[in-house]
Amino acid sequence: MAQSILKEFTKGLWEQVPPFRLVLGLCPILAVSKNIENAIGMGVACTFVFAFSNLLVSMMRNIIPSKVRIAAYIIIIATFVTVVELVMQAYTYPLFLKLGIFIPLIVVNCIALGRAEAFASKNPPLASVADGLGMGIGYTISLIVLGALRESLGNGTLMGHQVFGPDFLPFKFMLEAPGAFVCLGLVLCIMNLFGKK
Amino acid sequence: MGDYIVLTVSCILINNILLAQFLGNCPFLGTSKRMDTAVGMAMAVVFVIVLAGVITWLTEMYLLKPFNIEYLRTLSFILIVASLVQFVEMFLKKSIPALYTGLGIFLPLITTNCAVLGVCLINIKEEYSFIETLVSSFTYSVGYGLALILFAGIRERIILARVLKPLQDTSIGLVTAGMIAICFFAFIGMV
(Lines of atoms letter the chains of each structure in order from A and count residues from 1; the text may use other names and numbers.)
(Lines give C-alpha, C1' and ligand atoms only; values in the text may rest on other atoms or scores of the structure.)
Protein backbone atom coordinates (compact mmCIF):
# COMPACT_ATOMS: atom_id res chain seq x y z
CA MET A 1 0.00 0.00 0.00
CA ALA A 2 2.63 2.45 1.13
CA GLN A 3 4.82 1.42 -1.76
CA SER A 4 2.15 2.08 -4.38
CA ILE A 5 1.49 5.53 -2.90
CA LEU A 6 5.19 6.27 -3.08
CA LYS A 7 5.14 5.18 -6.70
CA GLU A 8 2.27 7.55 -7.51
CA PHE A 9 4.21 10.32 -5.85
CA THR A 10 7.53 9.76 -7.59
CA LYS A 11 6.20 9.25 -11.11
CA GLY A 12 5.38 12.94 -11.30
CA LEU A 13 8.96 13.84 -10.47
CA TRP A 14 10.73 12.26 -13.41
CA GLU A 15 8.85 9.64 -15.39
CA GLN A 16 5.88 11.85 -16.22
CA VAL A 17 7.07 15.30 -15.20
CA PRO A 18 4.20 17.35 -16.59
CA PRO A 19 5.56 20.13 -18.80
CA PHE A 20 8.43 18.19 -20.34
CA ARG A 21 7.06 14.67 -20.69
CA LEU A 22 3.34 15.26 -21.08
CA VAL A 23 3.72 18.73 -22.66
CA LEU A 24 0.88 20.12 -20.57
CA GLY A 25 0.54 23.42 -18.76
CA LEU A 26 2.98 25.29 -20.94
CA CYS A 27 1.57 28.80 -20.66
CA PRO A 28 2.53 29.49 -17.03
CA ILE A 29 5.84 27.71 -17.59
CA LEU A 30 6.73 30.23 -20.27
CA ALA A 31 5.31 33.27 -18.58
CA VAL A 32 6.45 33.05 -14.97
CA SER A 33 9.88 31.48 -15.39
CA LYS A 34 11.61 34.85 -15.72
CA ASN A 35 13.27 34.38 -12.34
CA ILE A 36 13.40 31.77 -9.61
CA GLU A 37 11.26 33.70 -7.13
CA ASN A 38 8.24 33.84 -9.45
CA ALA A 39 8.80 30.22 -10.40
CA ILE A 40 8.69 29.03 -6.79
CA GLY A 41 5.57 31.08 -6.01
CA MET A 42 3.72 29.74 -9.01
CA GLY A 43 4.89 26.19 -8.33
CA VAL A 44 3.68 26.22 -4.73
CA ALA A 45 0.30 27.66 -5.75
CA CYS A 46 -0.11 24.98 -8.41
CA THR A 47 0.94 22.16 -6.07
CA PHE A 48 -1.66 23.26 -3.55
CA VAL A 49 -4.40 23.33 -6.18
CA PHE A 50 -3.43 19.98 -7.74
CA ALA A 51 -3.24 18.16 -4.39
CA PHE A 52 -6.49 19.48 -2.92
CA SER A 53 -8.55 19.27 -6.10
CA ASN A 54 -7.36 15.68 -6.54
CA LEU A 55 -8.35 14.93 -2.94
CA LEU A 56 -11.84 16.37 -3.31
CA VAL A 57 -12.46 14.84 -6.73
CA SER A 58 -11.38 11.46 -5.45
CA MET A 59 -13.59 11.70 -2.35
CA MET A 60 -16.60 12.64 -4.47
CA ARG A 61 -15.87 10.28 -7.35
CA ASN A 62 -18.80 8.01 -6.53
CA ILE A 63 -21.30 10.86 -6.07
CA ILE A 64 -20.64 12.90 -9.22
CA PRO A 65 -22.74 11.65 -12.16
CA SER A 66 -20.44 10.89 -15.06
CA LYS A 67 -22.37 13.13 -17.48
CA VAL A 68 -21.58 16.36 -15.64
CA ARG A 69 -18.22 15.28 -14.25
CA ILE A 70 -16.07 17.74 -16.21
CA ALA A 71 -18.17 20.70 -15.06
CA ALA A 72 -17.99 19.43 -11.48
CA TYR A 73 -14.19 19.07 -11.68
CA ILE A 74 -13.85 22.59 -13.05
CA ILE A 75 -15.87 24.00 -10.17
CA ILE A 76 -13.80 22.09 -7.61
CA ILE A 77 -10.56 23.33 -9.19
CA ALA A 78 -11.87 26.90 -9.46
CA THR A 79 -12.77 26.85 -5.76
CA PHE A 80 -9.22 26.00 -4.73
CA VAL A 81 -7.79 28.53 -7.17
CA THR A 82 -9.94 31.21 -5.55
CA VAL A 83 -8.59 30.13 -2.15
CA VAL A 84 -5.00 30.43 -3.39
CA GLU A 85 -5.75 33.78 -4.98
CA LEU A 86 -7.17 35.27 -1.78
CA VAL A 87 -4.41 33.82 0.42
CA MET A 88 -1.70 35.21 -1.87
CA GLN A 89 -3.41 38.58 -2.01
CA ALA A 90 -3.41 38.71 1.77
CA TYR A 91 0.08 37.40 2.60
CA THR A 92 2.36 37.73 -0.44
CA TYR A 93 1.00 40.81 -2.16
CA PRO A 94 4.12 41.73 -4.25
CA LEU A 95 4.25 38.19 -5.66
CA PHE A 96 0.51 38.31 -6.31
CA LEU A 97 1.00 41.44 -8.42
CA LYS A 98 3.90 39.92 -10.33
CA LEU A 99 2.09 36.71 -11.24
CA GLY A 100 -1.00 38.73 -12.21
CA ILE A 101 -3.60 36.92 -14.26
CA PHE A 102 -1.62 33.68 -14.19
CA ILE A 103 -3.01 32.84 -10.76
CA PRO A 104 -6.68 32.74 -11.84
CA LEU A 105 -5.50 30.97 -14.98
CA ILE A 106 -4.44 27.92 -12.94
CA VAL A 107 -8.10 26.94 -13.43
CA VAL A 108 -7.49 26.20 -17.09
CA ASN A 109 -4.10 24.59 -16.51
CA CYS A 110 -4.53 21.32 -18.36
CA ILE A 111 -2.62 19.41 -15.66
CA ALA A 112 -5.25 20.06 -12.97
CA LEU A 113 -8.15 18.86 -15.09
CA GLY A 114 -6.06 16.15 -16.69
CA ARG A 115 -5.08 14.56 -13.36
CA ALA A 116 -8.64 14.86 -12.00
CA GLU A 117 -10.00 13.05 -15.03
CA ALA A 118 -7.21 10.54 -15.59
CA PHE A 119 -6.29 9.65 -12.03
CA ALA A 120 -8.36 11.04 -9.16
CA SER A 121 -11.70 9.96 -10.61
CA LYS A 122 -10.61 6.32 -10.48
CA ASN A 123 -8.43 6.07 -7.37
CA PRO A 124 -8.83 6.36 -3.57
CA PRO A 125 -8.13 9.72 -1.87
CA LEU A 126 -4.69 8.94 -0.42
CA ALA A 127 -3.20 7.82 -3.74
CA SER A 128 -4.81 10.80 -5.47
CA VAL A 129 -3.23 13.27 -3.06
CA ALA A 130 0.15 11.58 -3.62
CA ASP A 131 -0.37 11.86 -7.36
CA GLY A 132 -1.36 15.54 -7.14
CA LEU A 133 1.58 16.35 -4.85
CA GLY A 134 4.02 14.53 -7.11
CA MET A 135 2.75 16.28 -10.21
CA GLY A 136 2.80 19.63 -8.42
CA ILE A 137 6.35 19.19 -7.16
CA GLY A 138 7.51 17.96 -10.57
CA TYR A 139 5.91 21.05 -12.07
CA THR A 140 7.59 23.28 -9.49
CA ILE A 141 10.99 21.73 -10.20
CA SER A 142 10.61 22.27 -13.94
CA LEU A 143 9.58 25.87 -13.31
CA ILE A 144 12.64 26.38 -11.12
CA VAL A 145 14.99 24.76 -13.65
CA LEU A 146 13.74 27.00 -16.42
CA GLY A 147 13.65 30.03 -14.11
CA ALA A 148 17.25 29.43 -13.02
CA LEU A 149 18.41 29.04 -16.61
CA ARG A 150 16.70 32.20 -17.80
CA GLU A 151 17.61 34.30 -14.78
CA SER A 152 21.28 33.32 -14.78
CA LEU A 153 21.78 33.79 -18.52
CA GLY A 154 19.53 36.77 -18.97
CA ASN A 155 20.41 38.75 -15.89
CA GLY A 156 23.56 37.15 -14.51
CA THR A 157 21.91 36.55 -11.15
CA LEU A 158 20.38 33.71 -9.15
CA MET A 159 17.79 34.68 -6.53
CA GLY A 160 19.19 38.21 -6.84
CA HIS A 161 22.84 37.22 -6.26
CA GLN A 162 25.54 37.73 -8.90
CA VAL A 163 26.80 34.39 -10.18
CA PHE A 164 29.12 35.09 -13.09
CA GLY A 165 31.12 37.96 -11.64
CA PRO A 166 31.00 41.63 -12.68
CA ASP A 167 32.39 41.13 -16.20
CA PHE A 168 29.44 39.02 -17.34
CA LEU A 169 27.45 40.55 -20.18
CA PRO A 170 23.77 39.66 -19.63
CA PHE A 171 22.08 37.84 -22.49
CA LYS A 172 18.86 39.90 -22.33
CA PHE A 173 17.20 37.83 -25.05
CA MET A 174 16.52 35.11 -22.49
CA LEU A 175 14.32 37.36 -20.39
CA GLU A 176 12.11 38.42 -23.28
CA ALA A 177 9.21 36.47 -24.74
CA PRO A 178 11.11 34.86 -27.65
CA GLY A 179 13.82 33.65 -25.28
CA ALA A 180 11.22 31.77 -23.24
CA PHE A 181 10.10 29.74 -26.25
CA VAL A 182 13.61 28.95 -27.42
CA CYS A 183 14.78 28.09 -23.91
CA LEU A 184 11.89 25.69 -23.29
CA GLY A 185 12.45 24.11 -26.70
CA LEU A 186 16.10 23.45 -25.91
CA VAL A 187 15.35 22.08 -22.44
CA LEU A 188 12.84 19.73 -24.04
CA CYS A 189 15.53 18.66 -26.50
CA ILE A 190 17.96 17.90 -23.66
CA MET A 191 15.26 15.93 -21.82
CA ASN A 192 14.73 13.87 -24.99
CA LEU A 193 18.45 13.31 -25.32
CA PHE A 194 18.70 11.78 -21.84
CA GLY A 195 16.50 8.90 -20.90
CA LYS A 196 13.82 8.07 -23.40
CA LYS A 197 13.18 5.56 -20.53
CA MET B 1 -11.34 56.72 -33.12
CA GLY B 2 -7.55 57.02 -32.93
CA ASP B 3 -7.60 55.22 -29.59
CA TYR B 4 -9.28 52.22 -31.13
CA ILE B 5 -6.68 52.00 -33.89
CA VAL B 6 -3.90 52.08 -31.32
CA LEU B 7 -5.72 49.41 -29.31
CA THR B 8 -6.13 47.28 -32.43
CA VAL B 9 -2.47 47.48 -33.40
CA SER B 10 -1.31 46.83 -29.88
CA CYS B 11 -3.60 43.81 -29.40
CA ILE B 12 -2.79 42.15 -32.71
CA LEU B 13 0.91 42.83 -33.06
CA ILE B 14 2.56 44.21 -29.94
CA ASN B 15 0.82 42.41 -27.12
CA ASN B 16 0.06 39.37 -29.23
CA ILE B 17 -1.81 37.08 -26.88
CA LEU B 18 0.12 34.01 -27.95
CA LEU B 19 3.66 35.19 -28.50
CA ALA B 20 4.00 38.07 -26.05
CA GLN B 21 1.59 37.09 -23.28
CA PHE B 22 2.00 33.31 -23.49
CA LEU B 23 -1.67 32.39 -23.41
CA GLY B 24 -3.18 29.42 -25.20
CA ASN B 25 0.02 27.54 -25.92
CA CYS B 26 -1.24 23.98 -25.53
CA PRO B 27 -3.76 24.15 -28.41
CA PHE B 28 -1.22 26.27 -30.29
CA LEU B 29 1.26 23.41 -30.38
CA GLY B 30 -1.46 20.78 -30.69
CA THR B 31 -3.42 22.08 -33.66
CA SER B 32 -0.67 23.71 -35.70
CA LYS B 33 0.64 20.61 -37.43
CA ARG B 34 -1.66 21.06 -40.41
CA MET B 35 -2.99 24.19 -42.05
CA ASP B 36 -6.67 23.22 -42.16
CA THR B 37 -6.85 22.39 -38.43
CA ALA B 38 -5.05 25.66 -37.68
CA VAL B 39 -7.60 27.66 -39.69
CA GLY B 40 -10.50 25.84 -37.99
CA MET B 41 -9.07 26.48 -34.55
CA ALA B 42 -8.38 30.14 -35.35
CA MET B 43 -11.98 30.71 -36.44
CA ALA B 44 -13.41 28.92 -33.43
CA VAL B 45 -11.20 31.00 -31.12
CA VAL B 46 -12.31 34.32 -32.67
CA PHE B 47 -15.95 33.29 -32.36
CA VAL B 48 -15.78 32.17 -28.74
CA ILE B 49 -13.47 34.91 -27.43
CA VAL B 50 -15.69 37.72 -28.74
CA LEU B 51 -18.80 36.16 -27.21
CA ALA B 52 -17.09 35.29 -23.94
CA GLY B 53 -15.43 38.69 -23.66
CA VAL B 54 -18.73 40.53 -23.98
CA ILE B 55 -20.69 38.24 -21.67
CA THR B 56 -18.08 38.19 -18.92
CA TRP B 57 -17.79 41.99 -19.09
CA LEU B 58 -21.56 42.31 -18.65
CA THR B 59 -21.45 39.81 -15.78
CA GLU B 60 -18.69 41.74 -14.04
CA MET B 61 -20.43 45.11 -14.39
CA TYR B 62 -24.03 44.15 -13.65
CA LEU B 63 -23.68 41.13 -11.38
CA LEU B 64 -20.37 40.94 -9.56
CA LYS B 65 -19.72 44.65 -8.96
CA PRO B 66 -23.16 45.72 -7.63
CA PHE B 67 -23.19 42.84 -5.13
CA ASN B 68 -19.51 43.20 -4.17
CA ILE B 69 -18.69 39.61 -4.95
CA GLU B 70 -15.66 40.14 -7.18
CA TYR B 71 -13.86 37.29 -5.43
CA LEU B 72 -16.16 34.92 -7.31
CA ARG B 73 -14.78 36.21 -10.62
CA THR B 74 -12.60 33.18 -11.42
CA LEU B 75 -15.36 30.73 -10.58
CA SER B 76 -18.10 32.53 -12.49
CA PHE B 77 -15.97 33.30 -15.55
CA ILE B 78 -14.84 29.74 -16.07
CA LEU B 79 -18.43 28.54 -15.69
CA ILE B 80 -19.56 31.10 -18.27
CA VAL B 81 -16.85 30.06 -20.72
CA ALA B 82 -17.58 26.35 -20.25
CA SER B 83 -21.34 26.68 -20.64
CA LEU B 84 -20.96 29.16 -23.51
CA VAL B 85 -18.86 26.67 -25.44
CA GLN B 86 -21.47 23.96 -24.88
CA PHE B 87 -24.24 26.31 -25.94
CA VAL B 88 -22.46 27.51 -29.06
CA GLU B 89 -21.79 23.91 -30.00
CA MET B 90 -25.48 22.97 -29.72
CA PHE B 91 -26.61 26.12 -31.50
CA LEU B 92 -24.26 25.64 -34.44
CA LYS B 93 -25.14 21.96 -34.77
CA LYS B 94 -28.82 22.85 -35.04
CA SER B 95 -28.82 25.99 -37.16
CA ILE B 96 -25.55 26.28 -39.13
CA PRO B 97 -24.42 22.68 -39.73
CA ALA B 98 -21.84 23.75 -42.34
CA LEU B 99 -19.99 25.90 -39.82
CA TYR B 100 -20.38 23.18 -37.19
CA THR B 101 -18.62 20.58 -39.30
CA GLY B 102 -15.82 23.09 -39.82
CA LEU B 103 -15.37 24.05 -36.17
CA GLY B 104 -16.90 20.95 -34.55
CA ILE B 105 -13.97 19.18 -32.97
CA PHE B 106 -12.24 22.37 -31.89
CA LEU B 107 -15.06 23.80 -29.83
CA PRO B 108 -14.77 21.46 -26.79
CA LEU B 109 -11.01 22.07 -26.78
CA ILE B 110 -11.57 25.77 -26.32
CA THR B 111 -12.85 25.43 -22.75
CA THR B 112 -9.33 24.73 -21.55
CA ASN B 113 -7.74 27.29 -23.88
CA CYS B 114 -6.35 29.81 -21.43
CA ALA B 115 -6.47 32.55 -24.07
CA VAL B 116 -10.28 32.73 -23.67
CA LEU B 117 -10.27 33.18 -19.91
CA GLY B 118 -7.13 35.29 -20.23
CA VAL B 119 -8.72 37.85 -22.56
CA CYS B 120 -11.80 38.08 -20.32
CA LEU B 121 -9.59 38.76 -17.29
CA ILE B 122 -7.42 41.28 -19.16
CA ASN B 123 -10.54 43.22 -20.20
CA ILE B 124 -11.57 43.53 -16.56
CA LYS B 125 -8.07 44.27 -15.31
CA GLU B 126 -7.50 47.08 -17.82
CA GLU B 127 -10.93 48.53 -16.96
CA TYR B 128 -12.01 48.70 -20.59
CA SER B 129 -15.35 50.22 -21.56
CA PHE B 130 -17.91 48.13 -23.42
CA ILE B 131 -16.74 49.17 -26.91
CA GLU B 132 -13.10 48.74 -25.93
CA THR B 133 -13.91 45.27 -24.63
CA LEU B 134 -15.51 44.41 -27.94
CA VAL B 135 -12.52 45.73 -29.89
CA SER B 136 -9.88 44.13 -27.69
CA SER B 137 -11.64 40.73 -27.61
CA PHE B 138 -11.89 40.71 -31.38
CA THR B 139 -8.35 41.92 -32.05
CA TYR B 140 -6.71 39.69 -29.44
CA SER B 141 -8.38 36.68 -31.00
CA VAL B 142 -7.43 37.81 -34.50
CA GLY B 143 -3.84 38.10 -33.28
CA TYR B 144 -4.09 34.56 -31.93
CA GLY B 145 -5.40 33.32 -35.27
CA LEU B 146 -2.68 35.18 -37.16
CA ALA B 147 0.11 33.68 -35.08
CA LEU B 148 -1.44 30.21 -35.28
CA ILE B 149 -1.81 30.27 -39.06
CA LEU B 150 1.69 31.68 -39.61
CA PHE B 151 3.10 29.01 -37.36
CA ALA B 152 1.19 26.22 -39.10
CA GLY B 153 2.55 27.38 -42.44
CA ILE B 154 6.12 27.15 -41.19
CA ARG B 155 5.52 23.87 -39.42
CA GLU B 156 4.24 22.24 -42.58
CA ARG B 157 7.58 23.03 -44.18
CA ILE B 158 9.58 21.76 -41.20
CA ILE B 159 8.12 18.28 -41.67
CA LEU B 160 10.00 18.13 -44.97
CA ALA B 161 13.29 19.13 -43.36
CA ARG B 162 15.69 16.78 -41.60
CA VAL B 163 15.67 17.66 -37.93
CA LEU B 164 17.90 16.16 -35.23
CA LYS B 165 16.09 13.34 -33.46
CA PRO B 166 15.89 14.82 -29.95
CA LEU B 167 14.80 18.16 -31.38
CA GLN B 168 11.87 16.74 -33.31
CA ASP B 169 8.20 17.61 -32.87
CA THR B 170 7.39 19.86 -29.89
CA SER B 171 10.96 20.87 -29.28
CA ILE B 172 11.60 22.31 -32.75
CA GLY B 173 8.06 23.71 -32.65
CA LEU B 174 8.91 25.79 -29.59
CA VAL B 175 12.15 27.05 -31.09
CA THR B 176 10.25 28.05 -34.24
CA ALA B 177 7.65 29.81 -32.11
CA GLY B 178 10.52 31.70 -30.52
CA MET B 179 11.68 32.85 -33.96
CA ILE B 180 8.18 34.07 -34.83
CA ALA B 181 8.03 35.80 -31.46
CA ILE B 182 11.21 37.71 -32.39
CA CYS B 183 9.44 39.02 -35.49
CA PHE B 184 6.49 40.20 -33.42
CA PHE B 185 8.91 41.61 -30.87
CA ALA B 186 10.07 44.08 -33.50
CA PHE B 187 6.67 45.78 -33.47
CA ILE B 188 7.19 47.05 -29.91
CA GLY B 189 8.52 50.39 -31.08
CA MET B 190 5.40 51.13 -33.11
CA VAL B 191 3.14 52.69 -30.50
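From the backbone N, Cα and C atoms, a Cβ is placed for every residue, glycine too.
The transmembrane segment annotation in TrEMBL covers B:6-26 (among others).
The transmembrane segment annotation in TrEMBL covers B:38-59 (among others). Same-chain residues lying 6 or more positions outside the transmembrane segment (B:38-59) and placing a CB less than 8 Å from one of its CB atoms are 24, 27, 31-32, 76-77, 80-81, 84-85, 88, 102-103, 105-107, 109-110, 113, 115-116, 119-120, 123-124, 128, 130, 133-134, 136-138, 140-142, 144-146, 148-149, 151-152.
As annotated by TrEMBL, transmembrane segment applies to B:71-92 (among others).
Here the transmembrane segment (B:99-124) has long-range neighbours at 17-18, 21, 23-24, 26-27, 30-31, 37, 40-41, 43-45, 47-49, 52-53, 56-57, 60, 73, 77-78, 81-82, 85, 88-89, 92-93, 132-133, 136-137, 140-141, 144, meaning same-chain residues at least 6 beyond its ends whose C-beta is under 8 angstroms from one of its own. Annotation comment: TrEMBL describes B:99-124 (among others) as transmembrane segment.
Beyond its flanks by at least six residues, the transmembrane segment (B:130-151) meets 4, 7-8, 11-13, 16-19, 24, 28, 31-32, 35, 38-39, 41-43, 45-46, 49-50, 52-54, 57, 115, 119, 122-123, 176-177, 180, 184 of its own chain at Cβ-Cβ distances under 8 Å. Annotated transmembrane segment per TrEMBL: B:130-151 (among others), in sequence order.
Annotation comment: TrEMBL describes B:172-190 (among others) as transmembrane segment.
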